[in-house]
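Look at Swiss-Prot and you will find SER17, SER78, SER90 tagged as phosphoserine. For 17-32, 510-520, the entry in Swiss-Prot reads compositional bias 'Low complexity'. Under the heading phosphothreonine, Swiss-Prot lists THR21, citing similarity to another entry as support. The motif 'Nuclear localization signal' annotation in Swiss-Prot covers 36-41. For HIS77, ILE80, GLU81, ARG85, the entry in Swiss-Prot reads site 'Interaction with E-box DNA'. Per Swiss-Prot, the feature SUMO2 cross-link maps to LYS259; the stated evidence is similarity to another entry. Swiss-Prot lists 325-395 with the feature domain 'PAS 2'. According to Swiss-Prot, the feature N6-acetyllysine maps to LYS537.
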Amino acid sequence: MADQRMDISSTISDFMSPGPTDLLSSSLGTSGVDCNRKRKGSSTDYQESMDTDKDDPHGRLEYTEHQGRIKNAREAHSQIEKRRRDKMNSFIDELASLVPTCNAMSRKLDKLTVLRMAVQHMKTLRGATNPYTEANYKPTFLSDDELKHLILRAADGFLFVVGCDRGKILFVSESAFKILNYSQNDLIGQSLFDYLHPKDIAKVKEQLSSSDTAPRERLIDAKTGLPVKTDITPGPSRLCSGARRSFFCRMKCNRPSVKVEDKDFPSTCSKKKDRKSFCTIHSTGYLKSWPPTKMGLDEDNEPDNEGCNLSCLVAIGRLHSHVVPQPVNGEIRVKSMEYVSRHAIDGKFVFVDQRATAILAYLPQELLGTSCYEYFHQDDIGHLAECHRQVLQTREKITTNCYKFKIKDGSFITLRSRWFSFMNPWTKEVEYIVSTNTVVLANVLEGGDPTFPQLTASPRSMDSMLPSGEGGPKRTHPTVPGIPGGTRAGAGKIGRMIAEEIMEIHRIRGSSPSSCGSSPLNITSTPPPDASSPGGKKILNGGTPDIPSSGLLSGQAQENPGYPYSDSSSILGENPHIGIDMIDNDQGSSSPSNDEAAMAVIMSLLEADAGLGGPVDFSDLPWPL
């Protein structure tokens, strides 16, 4: 019994003793009390520290700043968004006021529609924002009249202003008389449709209309998805300023005609003769609006305007260049075949146009470096040599007569050339000759072309310009076997002789005190009729004495009795030319000994002219003096 009592007491004691759960709860409770004590202590400490800071001025300032930061941080985000939305709405309203299509709407548009209309409006104005393309742009240094004359001169036409409502001509320049043969007073105030071809009136009315200035795209509201109805009413005041126009039309041309009365058919003839001809006019311009007061119009005389802007077409009319009147005889005039070449002062080709290949069959590189005299017919050399001298001495253009030019297959083609020389403005010397060569057809050659003035009759050949030996037979031109005849062998030297002649005249005239500042273009080297050379030989008009122009003779008196000149002051004072007989002699009796003798004489002459040698012995000269 005693043992049972001990077991029961132990069990009760175990049951009454605290378990692990009670220990955990007791521990948590103790820790919670400690934490609460710590929090209360920390808050109390912070409050005490803040109370101490309030007493300190520096701490009070920090406390105020801290409170301000807390207040700004607590500001509602909705207020910031509200201010942003207000700014965006104000900008969209301002944009809608700038777009004309938005202003014309009867109700307020949503934001997306306003933005889309603004984009469409910017697309229509693309390319017209450049200030240099605006209609109001004008250089500051030009007046209105000067600018108008410059535009008319550049356009080669006439300026006209036409009202878009009735087609009334409000202004036309005086240059319209050159094209239409109507004066300025005849056209101003009249209807443009009265001067148009009946079949072109509808086309011009379409160009004057303003149908294309209305919006072509249908606007859709972003909210409802329905098309937006615009309140824009088409009218003259809604024309798009700067709308370009370009069209062709036929206008009446008041050409004077002689009336021929026929008794048999009086009615038909009068109708045909009185019928006015038409010319094709290319009109380019733009539509523009002006106030009526700016145009100088009286509003009382125009009751339909009602104070609105006057819409006009400002354009320049030019005669269509492709419309060429055909000649009366029925022949079709085509553009003449021509090519341009440039020559050195001695006649050698330095540039040839590519069109020469189709005319002459030569490639440009085949002609470069060769003399033009090698291709001239021998009967035309005299005339062309005289033209060569003239073009080197004058500033004017020289037009040659018709001459024959040898082409690649050996035959000849008839050409006519315009020559002019280019003078270097600094050195005052001729640098090259420009030649425009035109092919002359057979019918033009027979009937004559009024565009090319004919020069005086030239000699048949160069030999007719030169003095032949007294009583001697006429010299025959040498021919080369295998080469077609017609050209002169060795004719390339002629251009070099003429160039040396002109240069020598320029040097002698330029060295004299009385002719300082003279240029080769102002020298007249053609001697008077029957002029005598220093040696006593007679020079025909346009002829040349048989003396070498390259022979620069000494200024001292020559003691050699074989030398024909005794007065050294008159040496080369006149026109020293080289005869073509010298070329023929050189061609016929050319030998190494003669060439060496000629070179020796030339070198002696050069030394004598420079004062380096004594009298020159002409006994070995192969040419007769």
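Every residue gets a Cβ built from N, Cα and C, even glycine.
For the recorded sites given as HIS77, ARG85, the lowest number of other CB atoms within 10 Å of the residue's CB is seen at HIS77. In this structure, the C-alpha atom of HIS77 (site 'Interaction with E-box DNA') lies 13 angstrom from that of ARG85 (site 'Interaction with E-box DNA'). If you draw a 10 Å sphere around the CB of GLU81 (site 'Interaction with E-box DNA'), it holds 10 other CB atoms from the protein chains shown. Residue pair SER90 (phosphoserine) / SER78 (phosphoserine) shows a Cα separation of 18 Å. Over the motif 'Nuclear localization signal' (36-41) the predicted model carries a mean pLDDT of 47. Under DSSP, the residues of the domain 'PAS 2' (325-395) split into helix, strand and coil as follows: 26 helix, 13 strand, 32 coil.
A helical conformation is recorded for ARG85 (site 'Interaction with E-box DNA') in the three-state DSSP classification. Within 10 Å of the C-beta atom of SER90 (phosphoserine) sit 10 other C-beta atoms, taking all shown protein chains into account. A straight line from the CA of ARG85 (site 'Interaction with E-box DNA') to the CA of SER78 (phosphoserine) spans 10 Å.
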